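Novice: Please find one structure pasted underneath; my questions will follow.
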Amino acid sequence: MDDDQLDVVVIGAGVSGLAAARDLCAAGLTVRVLEARDRVGGRIYTLRDGDHPLPVEMGASFVDIPGQAWDLLRAGGGAAYRSTGGFWRVDHGRAEPSDFDKVGEVLERLDPPPARDESFAQFLDRRCRDIDAGTQDAAERYVEGFHAAPVERVGVQWIAKAEEDEAGGGGDVRHQPLGGFDRVAEALRMDLDARGAIRLNTIVHRIDWKKGEATIHARSAAGTEMPPLRARAVLVTVPLGVLQAAADQPGAIAFHPEPADTLRAARALGIAHVIKITFRFRSFLWHKLTGIDPDEEVKFLQPEGAFQAWWTESPIQVPTIVAWAGATAAERLMAGGADPVQTALDDMARWLGVTREEVDAELESAHVHDWTADPLARGAYSYVPVGALPAQEALGRPVEGTLFFAGEATQTGGLNSTVEGALLSGRRAAAQIADALGGS
């Protein structure tokens, strides 16, 4: 492929960029995908740990069924399983059924959504005073855990859309991939590798552009300036946090001239911060909790502590458990400076009612990736603050038929923050580009 005669340069080989590139190639356009990492997939990041039967998902870990992500997972040789089991509040070795199922009492009051947006905290105070404090607390934990959105900042109009999608048209988010979520990216990559379309370890730092023409400047992973690429259009699929970063920050992209409306929309949206740790043990320590029938499946555990939720691989019986902190819980952990793995293990010993030494004796491995500190991500995914719902569409709006933007943060309808949303956004942008450039 001649780099001086490209139709489109796609920046980012996450599933959004890969899906767009595949569609653009199918439309007869010449495409180059530039990826800063040494792998494809973006925030889908799968680790295979020796002979363990299940890979570790460092990023995205739930798949919508039905949906395009599910179709690609199967095409890549993967499968999925429905995660089952109950929700339990746990502390000092005892467990009792969680009131988490009562969250629906709160969420039902978002239908219809309020005409005027407000934060979830304001919504609770205004609309849910008659609901008991325990249920309100569970609803706050849900929003800050599942959506990783601070209740004081997230807008209820977006939450209503996200919940409507989950309940009605977006599949069952409690399916988890088997064989590795990275098979979604690999299924997309197969078509592009044959064309030599993907270039890894290529860090784009500047885009000079005018209507109908763009020059893309990049460095290698070692910091060496690479020959610029020229194209008729550029599709930017980097994460929201990278778009928000100042141009002189590692991983950031400088635009000349700046697409002011696009960057304003990016700054209006919120970045979800998450700490997710996958622990593998020699035995099922959580099966020793009193209050749970030995034959009962345990899925979600909700202790007090730094991590709002823990979940197992149930119904698959492997001694693996994930610790999850989102939104303000994650921000507190990051600000505190303590090792999150050690904090999680201390918490676990407390809610199990055992010593830390007993936990350590059973520990095999711990895996964590700090997406917020990662300069190529700068956060886990997006959420929509109060009054910012129009910013999603504005972020995905083409600029003079030359600059295009995709990625989960640009997807409307409550599907941002999901793999499905990222795929849909890439395909939407590909259609926009093909229309602008005259692809078939």
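Each residue, glycine too, has its Cβ placed from N, Cα and C.
Okay, so TrEMBL annotates it like this:
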| type | residues | note |
| --- | --- | --- |
| DOMAIN | 15-63 | domain 'Amine oxidase' |
| BINDING | Ser16, Glu35, Ala36, Val204 | FAD binding site |
| DOMAIN | 64-433 | domain 'Amine oxidase' |
Novice: Do you know the DSSP helix, strand and coil residue counts for the domain 'Amine oxidase' (15-63)?
Specialist: 12 helix, 10 strand, 27 coil
Novice: Any same-chain residues 6+ apart from Ser16 (FAD binding site) with CB under 8 Å of its CB? Would you list them in sequence order, or say none?
Specialist: Gly42, Thr237, Ala406, Gly407, Glu408, Ala422, Leu423, Ser425, Gly426, Ala429
Novice: Enter the number of other CB atoms within 10 angstroms of the CB of Ala36 (FAD binding site).
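Specialist: Counting Cβ neighbours of Ala36 (FAD binding site) within 10 Å gives 22.
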Novice: Near the FAD site, what residues other than Ser16, Glu35, Ala36, Val204 in the same chain have a C-beta no further than 8 Å from the centroid of the listed C-beta atoms?
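Specialist: Sorted by sequence, the hits are Val10, Ile11, Gly12, Ala13, Gly14, Gly17, Val33, Leu34, Arg37, Gly42, Thr202, Thr237, Val238, Leu376.
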Novice: Are there any residues in the same chain, six or more apart in sequence, whose C-beta is under 8 angstroms from the C-beta of Glu35 (FAD binding site), and if so which?
Specialist: Gly12, Ala13, Gly17, Ile198, Arg199, Leu200, Asn201, Thr202
Novice: Given a separation of at least six residues and a C-beta threshold under 8 Å, show me what packs close to Val204 (FAD binding site) in the same chain.
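Specialist: Sequence-distant Cβ neighbours: Ile11, Leu34, Ala36, Ile216, His217, Ala218, Ile253.
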